[in-house]
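Here is the structure we will look at.
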Amino acid sequence: MSSICALSSFGSTAPSSKMQSGLLRQCLARVGPSNSRATFANVLRKQTHINVNVDGSAKGSSRRLFGATAMAGDGGRTVTTAKPTKQAATKIQRIDTNPPRGTRDFAPQDMRLRNWLFGEFRKVSLAFGFEEFDAPVLESEELYVRKAGEEITGQLYNFEDKGGRRVALRPELTPSLARLILAAGKSLPLPAKWFAIGQCWRYERMTRGRRREHYQWNMDIVGVEGVEAEAELLAAITTFFSNVGITSKDVGIKINNRKVLQAVLEKYDTPEELFAPVCVVVDKLEKIPREKIVEELEALGLGSEAIEGLLNSLTLTSLEDLEAVIGGECEAFAELKRVFELAEAYGYADWLVFDASVVRGLAYYTGTVFEGFDRAGELRAICGGGRYDKLLTAYGGADSPMVGFGFGDAVIVELLKDRGLLPAPAPGVQDVVIGLGGPAMQAHAAQLAAALRAKGRTVDLTLEAKKMKWAFKQAERVAAERLIIVGEDEWAKGLVRVKNLASREEGDVKIEDV
């Protein structure tokens, strides 16, 4: 066995100093003086399985096997291993600072905008007497595959958790609402009017205003059979638009009733079980060519006459034309007519547009359906919803009248940006407090900040020694109302200097009156 290999026989037990010297001498003879120290260390690592560093040190219990300098004997020659250079040092690779594709970061300025938008959502919901709810972002996969429809099922972020359960990140909020309604049972007083603002996930093709992660504002009414519920929700949507500066010239709301499509299909003896799949195909009308629509309808089993009649009915744009096709006694026509009458009473009729092609892609809709659209045609649907009276039966419950809508945050932000209506909310700091004159004044500044916060003021306390110029710029950056300076001379008199940022006036104020 060679001297190098002999080192491996020690395992985790370090040899004596005398033995170290002898082994090193033999190792050097084997490696040769012309080889580099790095090569020497590499040979030792490979042959002995000891983690020898370039400087001669070894990890673990064999760390003392080689020192920084080893006297090998051999003619008094001194063997010194080299220290690693900067080039040899391992460089830590910088991480990708972008969030996962299709998702967003919310830095403070973005959070201010998001909070403003959510505040507008919440303000309208509360004004209409709705109560807020929430549910987990992670739900059972079954909640969505039962009744949502083929398209949304294919867009799920779904996986098996460590307990072997199939779960999914929620793509929408309505199934979670249905689960909560079922859980409440008969203890839930009806009608129930709930709203939520929650994060949703869909692995879909991204376009402007359409991401794989978004927040959605939902308003839902449970327990009201008539279209008065739809009219109330449409009033909430138009109220929100008006509140943020959007007019009916900017946005319209297309409205239809799925029973229209049902009536047309019945004329051609189409099996009832094909109704939901046909709706999913029709919902793609603006996304794929007409030829592809025909192919998909043929694949479902529809004949050419039924397909032609169906596609012709989708071009109807007035209630008068609709009445001529399905008759004035048809339930779908009566419900749509009532919605338009109520819209006149509410005062938002100019927002509504009848469009027979609107069916919505989710399979659970049963009656009225609607979606907000950009009249300029630059953005996809801004919001959408409708009636889904049969959803609870898909989860083992009894039929219950339900209607609601979903309103994404990303599209409306793009629309507001296009119209020059996107605000730039300030951080919300009322007072900036700075102590001048050393640690004692800093302590007094902290004392004053605590007193102001106790009164309900929002205070940005300067935590380091800064100059007045910096403090003034900071106060302007956060759009503070006041800059309060705690100085030695003023504090000794029971005063502080207060500068009003709006009026630019300043003066000394008693501490208790600040």
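Each Cβ is built from the backbone N, Cα and C atoms, and glycine gets one as well.
The L-histidine binding site annotation in TrEMBL covers E172, L173, T174, R202, Q216, D220, R360, Y364, Y365. Residues within less than 8 Å, Cβ to Cβ, of Q216 (L-histidine binding site) and separated from it by at least 6 positions along the same chain comprise E172, L173, I197, G198, Q199, C200, G406, F407, G408, D409.
According to TrEMBL, the feature domain 'Aminoacyl-transfer RNA synthetases class-II family profile' maps to 101-423. Taken as a whole, the domain 'Aminoacyl-transfer RNA synthetases class-II family profile' (101-423) shows an average pLDDT of 92 in this prediction.
In sequence order, N218, D220, L362, Y364, Y388, L391, G404, G406 are the residues of the chain that are 6 or more apart from T174 (L-histidine binding site) and have a CB within less than 8 Å of its CB. DSSP gives Q216 (L-histidine binding site) a strand state. Mapped onto three states, the DSSP output places Y365 (L-histidine binding site) in coil. Residues E172, L173, T174, R202, Q216, D220, R360, Y364, Y365, recorded as binding L-histidine, reach a greatest CA to CA spacing of 21 Å.
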